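Look at TrEMBL and you will find G514, Q515, T516, G517, S518, G519, K520, T521 tagged as ATP binding site. Positions annotated as coiled coil by TrEMBL: 157-415. Feature annotation from TrEMBL assigns domain 'Kinesin motor' to 429-764.
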Amino acid sequence: MVTKIHNQLPLSISPTSPIPSKFRDFVGGNHYLETMVETPVNGRIRQAFTVVNGLTSTPPSIAGSDCGIIEFTREDVEALLNEKAKKKERFNYKERCENMVDYIKRLKVCTRWFQDIEMSYSIEQERLKNSLEMTQQKSVQIELLLKIKEEEMNLIITEMRKNCTSLQEKLIKEEVEKSAAVDSLIKEREARHDIERSHTTLSEDIGKAQREIQSANQKISSLNEMYKRLQEYITSLQQYNGKLHTELSSVEDELKRVEKEKASAMENIAMLSAQLTLSISSQEEATKQKDDLAGEVASLRGELHQVRDDRDRRLSQAETLNADLMRLKESRENSCIELDSLTLKANELEEKSSLKENHIKTLQEQLATAEKKLQVSDISVFETRTEFVGKQKLVDELQRSLEDAEYKLIEGERLRKKLHNTILELKGNIRVFCRVRPLLHDESRSTEDKIFSYPTPMEASGRQIDLAQNGQKHSFTFDKVFIPEVSQEEVFVEISQLVQSALDGYKVCIFAYGQTGSGKTYTMMGRPGHPEEKGLIPRSLEQIFQTKQSQQPQGWKYEMQVSMLEIYNETVRDLMSTNRSSSENGTPGKQYTIKHDASGNTQVSDLTVVDVHSAKEVAFLLNQAANSRSVGKTQMNEQSSRSHFVFTLRICGVNESTDQQVQGVLNLIDLAGSERLSKSGSTGDRLKETQAINRSLSSLSDVIFALAKKEDHVPFRNSKLTYLLQPCLGGDSKTLMFVNISPDTSSVSESLCSLRFASRVNACEIGTPRRQTNGRATDSRLSYF
């Protein structure tokens with residue numbers, strides 16, 4: 001039986017076997033087993049395993065023990081695993097078997113204890129995972145609720161603004177209607193006065209017309225009487241004329257009779273003359289008869305002349321009477337025409353007076369209705385005014401709440417920026433601002449070719465930029481993103497506090513990075529001859545000298561020194577040196593070396609340093625350095641910077657009242673632009689310049705990669721540029737990088753590379769900025785960075 005039990009024992013559970021792999025993590029983990037001390041568990045004292053299983057004495061049986069109340073320490077487990085069998089009789093298998101069974105039971109108890117602990121830990125881990133997931137879900141729900149509430153508030157605010165504008169428009173419309181009603185009332189009153197005046201004049205005209213009508217009627221009656229008399233006179237004249245005509249006809253008949261008699265007398269005379277020839281005897285009688293007849297003829301002729309004269313006189317009288325009759329007819333016709341015209345005028349005046357009376361009545365009615373409308377409009381205006389006052393109060397309250405919300409939003413944004421800057425300063429990250437330049441005249445302005453977009457949510461407003469390439473969207477978040485419409489002044493406002501830090505004794509470095517033609521030099525220097533487009537360097541100097549003047553009453557005195565250099569083809573050049581012309585002509589100039597001391601300051605040997613006292617002096621030096629800087633023409637830019645430009649301003653401040661001393665440095669750097677040879681078309685010297693620029697920027701990228709990965713070795717010495725920027729990238733400086741982007745579709749690949757590089761720069765931690773408040777520097781040589 002002993003042999004059977006012994007054969008059933010596993011070989012790996014011998015007392016001298018090593019710790020099983022299942023328990024090795026528990027036994028080997030000092031952080032776990034060292035905590036297994038005798039501490040109260042669930043209100044009871046945990047018993048040591050040596051007390052429970054009696055390792056110091058003969059091991060008792062634990063067949064009926066409850067493994068749930070036994071806990072182990074590291075020493076217990078090690079003692080259990082290192083326990084050796086007691087050397088007794090070699091062939092006493094029964095006792096050895098019992099010892100082995102007892103050992104196995106204790107191992108099982110320990111194993112169960114480990115399993116229970118492992119199970120409890122797994123349960124606790126699952127519970128923590130569930131609670132973590134629930135917490136995350138709650139946080140997501142809360143964020144969604146906050147976003148929904150924010151959108152609702154924005155909608156409410158927009159609706160309130162719309163209501164406010166509509167009420168204002170309604171008020172303006174009602175005021176306009178009221179003014180129009182008042183104007184119409186004034187016009188109606190003036191028209192009423194005019195109508196009253198015209199009514200009085202019309203009444204006067206009607207009186208005059210009535211008087212004229214009366215006089216005309218009198219004239220007409222007198223004319224009628226005269227006409228009657230004239231008609232009677234004309235009838236009498238006509239009767240007299242008829243009588244004259246009858247007399248004239250009788251005279252004419254008598255004259256005809258006389259002529260007939262004359263003719264007969266002539267015949268008789270002829271007969272008598274014939275008879276005279278026949279009868280001479282009867283000549284005397286004939287002469288006598290002839291004399292008688294001649295007397296009668298003469299008398300008849302006299303009568304005839306009298307009758308003719310009387311006839312002519314009667315005819316002239318008839319003609320005069322006819323002329324008078326015609327004149328009377330004409331005067332009658334004229335008087336009739338005048339009478340008709342007077343009657344027409346009288347009728348027209350009566351019609352006009354009736355029309356005027358009707359118009360006066362209508363105007364009076366309109367005036368009454370207008371007065372009623374005015375009363376109603378006054379009531380409605382009063383009600384509208386009261387409603388407007390209430391609405392205005394509501395609008396004022398909403399405006400105040402909106403202003404409070406906007407103020408809180410602005411203050412929150414300022415606080416966020418301040419906390420963000422504080423976090424970045426504590427973390428030591430390099431701050432990155434992204435600026436997109438506007439499109440040029442010869443570049444495509446189509447909306448379909450637009451590659452950049454700027455999200456507007458609150459958490460990403462002004463900080464995120466999206467780039468679209470080949471249908472794929474790339475999102476980047478920086479400390480600030482400037483759209484193309486942002487002015488130079490707005491850009492400077494964002495960095496003004498960083499410039500102020502240089503006066504407070506910090507090392508400050510601002511450098512511009514980007515491809516050729518992306519606007520780096522414009523951002524740093526601005527456009528010459530346009531004061532409103534000054535760059536960051538002139539504006540920073542103006543702010544520094546203004547602050548210097550404002551701090552003089554507080555006892556501060558500052559000394560400032562300026563130097564400017566460029567790194568051209570991996571060679572340092574002094575832009576303010578007087579011997580620069582000889583080096584440009586091929587004569588070897590000074591060799592400038594970059595040195596770093598133990599305190600973290602950087603010096604360039606034999607570099608020209610100029611004391612400055614005003615912004616005008618620095619502006620003159622900047623203009624001189626800009627004329628001396630290396631520029632060239634490429635296919636991508638008419639005036640491309642072919643070197644890295646470094647402007648340094650050292651500030652030493654002393655407060656005589658407090659004996660406080662500060663030393664600050666402001667470094668403003670315009671890096672040369674990265675470019676591709678296929679696009680720039682550089683050859684000859686331009687090719688060498690491009691290769692040198694790309695090598696230095698590649699070295700800068702290597703340094704950024706090493707800093708981001710926190711490698712032990714950072715290759716600052718691979719380039720003059722990175723070696724000069726070492727205190728900014730790996731020291732205690734406040735560093736800000738401007739990444740300048742071109743919006744042209746042909747530059748989308750370079751823009752994407754620049755944005756990715758800027759994201760890596762933003763993730764780099766370079767250390768916490770340190771304020772330099774030591775004593776005065778004994779060396780007057782300018783230190784950099």
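Cβ atoms here come from the backbone N, Cα and C positions, even for glycine.
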Minimal Cβ count within 10 Å, across the binding-site residues G514, G517, G519, points to G519
Output, ordered by sequence, the same-chain residues six or more apart from Q515 (ATP binding site) with a CB under 8 Å from its CB, or 'none'.
G673, S674, E675, N740, S742, S747, E750, S751, S754
Which chain-mates of K520 (ATP binding site) that are at least 6 residues away have a CB under 8 A from its CB, listed by sequence?
A512, Y513, G514, S641, D670, L671, G673, F738, N740
Identify which of the binding-site residues T516, S518, T521 has its Cβ surrounded by the largest number of other Cβ atoms within 10 Å, counting every protein chain shown.
S518
